[in-house]
Structures are given as C-alpha cells and as structure tokens.
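Okay, structure first, notes after.
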Amino acid sequence: MSPIAVPVEVERDIEPHYIGETADALGDEKGNDYVTQLEASLDETEITKDLDRLREESDKLSGFSFRTHTFFKGGGRHMTLILGIFASIGGFIFGMDQGVISGALLFAPKDLSLTSGEESMVTGFMPLGGVLGATIGYPLNEWLGRKLSIIIACLFYTVGGILQADAHNFGMILSGRIILGVGLGLECTACPVYISESCTKRWRGGLVSLYQFMICFGLFCAYIVAAIFVHASGNWRYMLGSTLIFSSILLIAMLTLPETPRWLMRKGREAQSYKVWSIVRGFDTEEERIEFFIMRKTVERELEESKNRWVIMDLVRVHRCRHAAIFGTIIAILCQFSGINSINYYMATLMHEVGFSRVHAVYSSMIGSGTLLLFTIPAIYFMDRMGRRVLWLSLLPGVLVGCFIIGFSFRSSNLHTEEGIYIWGIITYYMFWGSGMGPYAWVLGSEIYPTYIRSEGMALVTWWTYIGNFITTYCFSKMKKAMTAPGIFIGFYGGFVTIAWFYAMFMMPETKDKTLEEIDALFSMSMPDLAKHNWESVKQTTDDLLHFRLKQVWKVQK
C-alpha cells in the first residue's frame, strides 16, 4: 500500500458535511455523499436532454472570447495545454522576479546608496505587497472571475516593473516592489484556480505543477538575463525591467482565453459554461459529459445552501471547509519556512559571501536555478501517477540533507572547499525540493476547497504563502547574524523540513485522480480519523519496505 493512499475502507467511511451544515444542523443524522448519490442515479436521457438544451443556447452566443477559439472546435488536450501554459506565465513572472532581484542586489544598493536595512526592505516588501494582493484577490476572484483577476494583476506588474526599473531613490524602488508584489499576490490566487477549474482530473495535478515549473523556469531565465546584462551600464535596471516583456505576453493571452466553466456556472451563465467546456474539454467521452453534469448539479446545490450567509465564515464554521483551510495554511507555511525563498532571493549574495566575485556569483547562480528547473519536471510527471503524499514523504529527507550541507559549507576554513560544498548543498537542496515540496502549496490549495469557497480558500493559501515569504526574506539578514549561517540552515530551516515530513505522515490526505467534488468527501473526515488511518497505512508501508516490496510502496499509475 502506498504511504499516501487513503485506504479503500476509509473512503467508504467518509461522512461529508456540506455547505451550511453544522453539528447542530446535522444532529444524529449522518451526511450523505452527494456526488456518490448523483453518480448512482445518473439518467443518460436527462443528461442528453440537458446538454442538448445548453448546446442550443450556446450556439446563440457571440463574443470575442468565443470567436477566438474557433480553431479549437474539438476541444480536448491541445486547448487544455495551451490554456495551462499561458496561465502558468504568471508563475514564470514570479520566478523572474526572484532571480532578477537576486542579481540586482549586487549592484542596486551601491547605485541608490541603500543601507542594509533598506536593502532588506527592497527584498522583503515585495512579498508584503503579495499579502495585500492575496487579500484583494478573494473579492476580485469571486466578483470579477479568475480571468479578469489575472488581467488586473498584469496591470500591477506593468506599473511596478516600470517604477523599480526607473528608480532613482529608495522610495521609488520600494514603491515599485510593493506594487509588483500586489500583482503577484493577486495572480497567485487566480492562476492555479484558473488551471484547476479548467482541466480534467487526470491532468489537474500536472498542469498546476506546471505553474511551479514555470516559477523555476522564470528563476533560471532571470539568471540568464542577469548574466546578459551584468557588464552593462545600469545593469540592475535592465534586470528588473525584463519582467515587463512577460507580463505583456500574459496580458495579451488572457484577453483571448475564456473564463473557467465552474465560475461561469456559479454565476448562472450556464450556456457560456457549456461553451467553454466544449472548447477546453469537449463532450466526446462519457466521462466528460458526466463530469460536466455532476459539476452543474453540485454548483447548483452549493449556491442554494450558501444563500443569505457570509460564505467566508464557512472556513471556520463548517468542518469540511475548516479542515481544508487548516491543512492548506500549514502546507503553505511549511513550504515557505523550508528556506526556499531565502535561498532564491539571496542566492547571488550568498554566492558572493562564500567567495565568488559579483560577476561569478551571477553566473554560478544559474547552477542552482537550473537544478531546480530540471527536478521540477519529475513532479509534473509523477504528481498524477504516484500521488502527492508519496512524493512528499519520499523526497523531503533529501531537502533536509541539502539544508545540512549548505549549513556546514560555511564552517569550512578553505575558500575553494567552502565554494564547492555550498554548490553541492544548493544542488542537493534544489533536487529534492523541486520534486518534493515545490508544487504542493499551489496544487493542493487549488483543489482542496469546495467550488463555492475556492476563491476564499486560494486567497488564504496565497496570503500565508506571502506572509511566510515576507518573514523569511525580510528577516533573513538579521536571522543569519543572530543564528549564524549554519544555525539558520540546519537548525531553523532543517527543523521546519522535519516538521513538514511528520505532519504529512499523519495529516496529508491523497487527492490524486479525484474529481474536485470527490475531494469534498475526503476532507469531511475528522482529523483524528485521518491521522489514525494514515498511521495504519504507514505501518503497512514500513512492512513493505522491510520485505523489499518496493512496487507496493511506489506505484506508478500508467
């Protein structure tokens, strides 16, 4: 049995609590699995009649977004991939910013006469802007939709990018960083949900993992850009301004891509939802027809039960939503406190501290970012074939080893030995983090919440992601002085990686190959019951390992 799989008997024992239900409302009556009931009572005649009606209504629609996609009349894989790739450009911009600021910090502080405190603010206040972006991302995602929220994020990118590239003093570059952060926070609440709500369950984990891959690709390309301009006059301005190219590409792309079918259905625009589904997914298979029908019925039920209530309070009041909120928040915090953004933002600075020249620090940073990019690819492939939990538990020990190697590199008395051990540690850390932790905050955050509260849930995940990002980057210099470099990498970051491993062992459910509606049932389990069943699974996995039944531990679904 896989260490991440929820046993079959557990899935049968799940007692879901749906929207608006509380312990008082339920009384002694057990909740019913609404999705299972729908699947058991499906009427092909009803489905066909319903889809025929929607097709007739959708044929009457006209509009720029729909006319743009006439090339993809058949829908399916090609359109889904195109949609996922363009939406993931937001991740590319996020990665670009991390890389270019790392290179720019070697040169901008001198040109702008920044103090060490101001330098920390320039680095750390971008994620603080991300907190604001995630906060406004909730109402914008809910009221205006995922598509328009991404477009607004692009406008923030543009303004912030121009300000920081043309900065002549501390106030100007700080303003640009904060505004850019608002765009990143808003985009991070919208893009993963946009991808998740638009693709089939078989590709959902892989396409949302593509978002993390694009972050890594952006990070790698940022160091290439930094290397290109490192000898130019005003090099850091070109580095920071390079993100404007890609925010423009994302803006143009989103003007031509459709809104998600689930959001359209929630707003009562059934015919448009049908039209988008036919473009992105198609109705050629019975599975697609049934999934659309179930999605429609589930959304209708959610809307009916959420009337006249402050829906965001369900993250506290309703067990199923509260469970998802706690889990998503903890995963987001643990990912940030593993040290990834401190290493990303200060990579060139740390390279310089261990002995590299400023120019060589920029060049050498491509080694680490290239490793992260390369080892994010397995996550895209195995995420939906092996599962989320098995990769997390299998690869996090490697992240811990990387933290130890990085920490010990600063204890070396020989300069060349210190440089070599540090590069070794960075490569080891990125190898395992890219596949083991990288995509999970976005993948899990985009799929663990019910449709009616997904905007709020994803905003919460993004909010805590940027809070963790801000704390670890803004305080990094001070923490490194107080705790020493070995202390912060081995004790602090290594300690949080260890906590993340044990937390996943007991509390991480498996969401692989489940529809978004089936995940509702999974998160309706109580936390003690989930921990108990996960522990039984761990004991079985331990027995499999001791008897070398490795295929039972790491099953790859074809």
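Counting begins at 1 with the first residue displayed.
Yeah, the Cβs are placed from backbone N, Cα and C, and that goes for glycine too.
Lifted from TrEMBL, the feature list:
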TRANSMEM  81-108  transmembrane segment
DOMAIN    83-512  domain 'Major facilitator superfamily (MFS) profile'
TRANSMEM  120-141  transmembrane segment
TRANSMEM  148-165  transmembrane segment
TRANSMEM  171-195  transmembrane segment
TRANSMEM  207-230  transmembrane segment
TRANSMEM  236-257  transmembrane segment
TRANSMEM  324-348  transmembrane segment
TRANSMEM  360-383  transmembrane segment
TRANSMEM  390-410  transmembrane segment
TRANSMEM  422-445  transmembrane segment
TRANSMEM  457-476  transmembrane segment
TRANSMEM  488-506  transmembrane segment
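Averaged across the domain 'Major facilitator superfamily (MFS) profile' (83-512), pLDDT for the predicted model comes to 84. Counting same-chain residues at least six beyond the ends of the transmembrane segment (148-165), those with a Cβ under 8 angstroms from any Cβ of the stretch are 87, 90, 93, 129, 133, 137, 140-141, 172-173, 175-184, 186-187, 189-191, 194, 237-238, 240-241, 243-244, 247-248, 250-251, 254-255, 259. Same-chain residues lying 6+ beyond the ends of the transmembrane segment (457-476) with a Cβ under 8 Å from its Cβ atoms: 120-121, 123-125, 127-128, 130-131, 133-135, 137-138, 141, 181, 184-185, 188-190, 192-193, 315, 321, 324-325, 328-329, 331-333, 335-337, 339, 341-342, 345-346, 441-442, 445-446, 448-449, 488.
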